[in-house]
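Pulled from TrEMBL, these are the features on record:
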type     : residues : note
DOMAIN   : 1-429    : domain 'Major facilitator superfamily (MFS) profile'
TRANSMEM : 21-40    : transmembrane segment
TRANSMEM : 46-69    : transmembrane segment
TRANSMEM : 81-103   : transmembrane segment
TRANSMEM : 109-132  : transmembrane segment
TRANSMEM : 153-171  : transmembrane segment
TRANSMEM : 183-204  : transmembrane segment
TRANSMEM : 238-262  : transmembrane segment
TRANSMEM : 268-290  : transmembrane segment
TRANSMEM : 302-320  : transmembrane segment
TRANSMEM : 326-350  : transmembrane segment
TRANSMEM : 362-385  : transmembrane segment
TRANSMEM : 405-424  : transmembrane segment
Amino acid sequence: MEEINDSLLKKNMSYSIKDGLFSNVMTTIFAGVYLTGFALELGLSQYLIGLLASLPAVANLAQIFGPVYINKAGGEKRACLISAGFYRVFWLLIAGVPLYLYLGLARELAIVLFFLFLLLASLAAAFSNVSWMGWISAIIPANLRGKFFGRRNMYAGFSAMAAGLLAGLWIDFWENLMPGRPLTGYSILFIITLCSGVISWIILAKISSGVEPEAERADPSTLFENLKVPLQDNNFRMLIIFSMAWAFAVGLASPFFSVYMIDTLELPFTLISLFGLAAAVTNIVGMKYWGQFVDRIGSKSLLYFSSMGAGLLPVVWIFTSAENYNLLWIINLLTGVFWSGIGLATSLLLMQLAKEKYRIAYYGLFAAGTGLAAAIAPIIGGIIAGLTVDLNLTNNFIELEGLHFLFILAVILRVLSLGLLAQVEVERQMTIQQILDQSRAVFHPFRSAQQVAGLGFQSLENVNLAVSKGLFQWESQLDIVFRKGRYLWYRAGKKANRFDQQLELIIDKAEETQGIMISRLFKLIDWLNRVGEEEE
């Protein structure tokens, strides 16, 4: 292992940020709508596409064997580079599927090969991820992780946004140019994406191995003994139970939001992609601010706050219709903000709870548990969606039908799962109100509304904690919630006359942020051009 000084640490952080910039291009293209489009053009049924979506989650179960794999590979860095290399090779084979068809391979056999290569790629990604988590936690000091990951994820968000837009333009261009050969267009897209993957692999190899004294390493040969340690850790056990419950609640409805936009709202794909772009923009902004806050407020506090916000969002979908879908802008803007916080806080909390000696076992068990829940949830969600397709409930205020019932169930399960997170004990944590107080200096336009929102979130937090401890007293707690609810409405009415002024401030802030993002995007493009010229 290499001794890490300040100079080497800065280089490692710089390389890791650049790696994230290029590797996230692969994540965007290989795990998103373009994979689904490729599968549809290949002739997969809806059932097979659902099965396809579960492969990465199923592959994550293999991460429990991470310690054995890392030991055989000769360390976390070597393990990560080997599995990341195989991931790129398997995707090259996937990109060759149109060629197999051209050479006369039966379509049914091509589909089998497609599933096989994608499963192998998912397994390689699973081992790469668990190795990377152990590797990066060894070289980045705990006191710098919040700011570092916030910055890294922010830049990765820029590349994802650019990659998504360029890929969409390419697919539309190819369909107009060669309407009879859509698979070839996807194949070319995948190969171009792999070029970014090769660059990220080269940059990744430049990061040092980190410091890990041999005496402090667990013996990977005793796999099940290693796995006992995390499971005997009550804090980690509660975290993994929460994460499984949360992953199930999220996976139950998440695959059907796209179905709802396409089939129920009948929105054009261009508009759907713009909604995704809105979420990507706020995800980037969120990463920047959450990275600044998390080192002060704690990862658990940020995870609770972000999960509460994301947990309530599905209920807003039931107020949308084919004639009125403007709420989707708000939903997607908030989705980017809340999920950037969830992603950052989850990684940091896991690193915080994992014991150094057994950290790979911790990461592997966490990924395996959440992967299992995430694999089962879409199947259950599909069954519920089928059972409620003709169900309709109407009153004077709202009409519930079809997927609305699944969205409501998802909200209930998401919010209830937060009671499990409340049982995870960490050294530093804040209430929702304290988080909002901490954020005043940054989110200045919302300052006047923070106390109102804080009271509402705090009441929900208190309810969750009571449920998790089995001390929930219905009459008294409901009375508190209702009284605070009336107070919220009273305060909201008093603040209504200041709405216009706040809106102006928000717009100014948005324009400033947009200008900064566009400037950085152009700088990124110029930099990529210079890199290309130097390679030539």
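Every residue, even glycine, has its Cβ placed from backbone N, Cα and C.
Nobody curates TrEMBL annotations by hand; they come from automatic prediction.
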The transmembrane segment (238-262) touching the transmembrane segment (81-103) per 3+ Cβ pairs under 8 Å rule: no
Close approaches to the transmembrane segment (109-132) from elsewhere in its chain (Cβ under 8 angstroms; 6 or more beyond its ends): 30, 39, 42-44, 48, 52, 55-56, 58-60, 62-63, 66, 69-70, 73, 76-77, 79-80, 83-84, 86-87, 90-91, 93-94, 97, 100-101, 360, 363-364, 367, 371
Contact ranking winner - 183-204, 238-262, 268-290, 405-424 against the transmembrane segment (362-385), Cβ under 8 Å: 238-262
Top Cβ-contact partner of the transmembrane segment (183-204) among 46-69, 153-171, 268-290, 302-320, 405-424 (pairs under 8 Å): 153-171
Selection from 46-69, 238-262, 302-320, 326-350, the stretch that has most Cβ pairs under 8 A to the transmembrane segment (268-290): 326-350
Distal contacts, the transmembrane segment (405-424) - CB-CB under 8 A, six or more residues away: 235, 238-239, 241-242, 245-246, 248-250, 252-254, 256, 300, 303-304, 307-308, 310-312, 314-315, 317-318, 349, 353, 381, 384-385, 388, 391, 460-461, 464-465, 467-469
Contact call for the transmembrane segment (46-69) and the transmembrane segment (153-171): at least 3 Cβ pairs under 8 Å, seq gap 6+: no
Intrachain neighbours beyond the transmembrane segment (302-320), with Cβ under 8 angstroms and 6 or more residues off its ends: 246, 249, 253, 257, 260, 265, 290, 293-294, 327-328, 330-331, 334-335, 337-342, 344-346, 349, 398, 400, 403-404, 407-408, 410-411, 414-415, 417-418, 421-422, 432, 435, 457, 460-461
Other parts of the chain folded back onto the transmembrane segment (153-171), taken as Cβ under 8 Å at six or more residues beyond its ends: 17, 20-25, 27-29, 32, 34, 37, 185-186, 188-189, 193, 196, 273, 276-277, 280-281, 283-284, 287-288, 291, 340, 343-344, 517, 520-521, 524-525
